[in-house]
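Working notes for the structure below.
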Amino acid sequence: MTTLIISDLHLDPLRPVVTELFLRFLREQVSGADALYILGDLFEVWIGDDMPSEVADMVAAALRTYADAGTPLYFMPGNRDFLVGADYAARAGFRILPDPCVVDLYGEPTLLLHGDLLCTDDIAYQAFRAQTRDPEFIAQFLTQTLSARLAFSQQARLASHAHQSGLKQENDSTQFEKITDVVPADVAAMFACYGVNRMIHGHTHRPALHMLQVAECACTRVVLGDWYQQGSVLCVDADGLVLEQLLLPG
């Protein structure tokens, strides 16, 4: 049996082919799995569980089918969908996990994160993250009208694109990649803090398997891929793990 781990699907009505691929993935792989973990950014935008969305409705119904059949489903919020709450979780049949958290995968304690916590060189993003994850901010934000929340979300996305463009203009390609990737010292500190030898995260859209030494211990950091040009899934079982690509329909 296998545990499946994915992230960064960024499901959006403007990219129906990715939703189609995700639903096919559920049909073909999840029904026989030990568990499915979604480590954030399942959706491109999420402004509250009361947000009308045909894509979200379709996804919830599909996930619920497998939850009802006995497959454990877990969701860790990402930077795009950290407002996914208890109402949607109940509809979809998944359990919301804290970021970060440690789970046991076939006897191996494994640290799961979305991944943005490790990108501390991007100071502006970390400040925005701290502001928007504050419980008081969230509570106040969710009292606003849907139109007001949508306007804030659109403005935040424009600001994010402008920030990324600014970083590209102000830095050469090597420095830009460094700023927008994880900070090695933070990775090492996270391993040491949680006392594990394996970490799995998404966010950076740079799928890879990294081997490193932390305090003389051999550690593994797995980076999940995004679902833009293809799908990406990490398959974990008692024998190890494999990163696989999924071809888009058509």
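Don't overthink the numbers, they just go from 1 along the chain as shown.
Even glycines carry a Cβ here, placed using N, Cα and C.
What Swiss-Prot lists as Mn(2+) 1 binding site is Asp8, His10, Asp41, His205, and the listing cites sequence analysis. Around Asp8 (Mn(2+) 1 binding site), taking its Cβ as the centre, 25 other Cβ atoms fall within 10 Å, counting all chains.
Residues or ranges marked as Mn(2+) 2 binding site by Swiss-Prot on the basis of sequence analysis: Asp41, Asn79, His114, His203. In sequence order, Ser7, Leu39, Gly40, Asp41, Met76, Pro77, Gly78, Asn79, Asp99, His201, Gly202, His203 make up the list of same-chain residues 6 or more apart from His114 (Mn(2+) 2 binding site) whose Cβ falls under 8 Å from its Cβ.
The substrate binding site annotation in Swiss-Prot covers Asn79, Arg80, Asp122, Ser160, Asp172, Gln175, His203 and rests on sequence analysis. Cβ contacts within 10 Å of Ser160 (substrate binding site), excluding its own Cβ and spanning all protein chains shown: 15.
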Worksheet entry | Alpha-carbon spacing, His10 (Mn(2+) 1 binding site) to Ser160 (substrate binding site), which is rounded to whole Å | 15
Worksheet item: Relative to the mean position of the Cβ atoms of Asp8, His10, Asp41, His205, the recorded Mn(2+) 1 site, which additional same-chain residues have Cβ within 8 Å?
Response: Ser7, Leu9, Gly40, Gly78, Arg80, Gly202, His203, Asp226, Trp227, Tyr228
Discussion item. Return only the integer: C-alpha distance in Å from Asp8 (Mn(2+) 1 binding site) to Asp122 (substrate binding site).
Written reply: 19
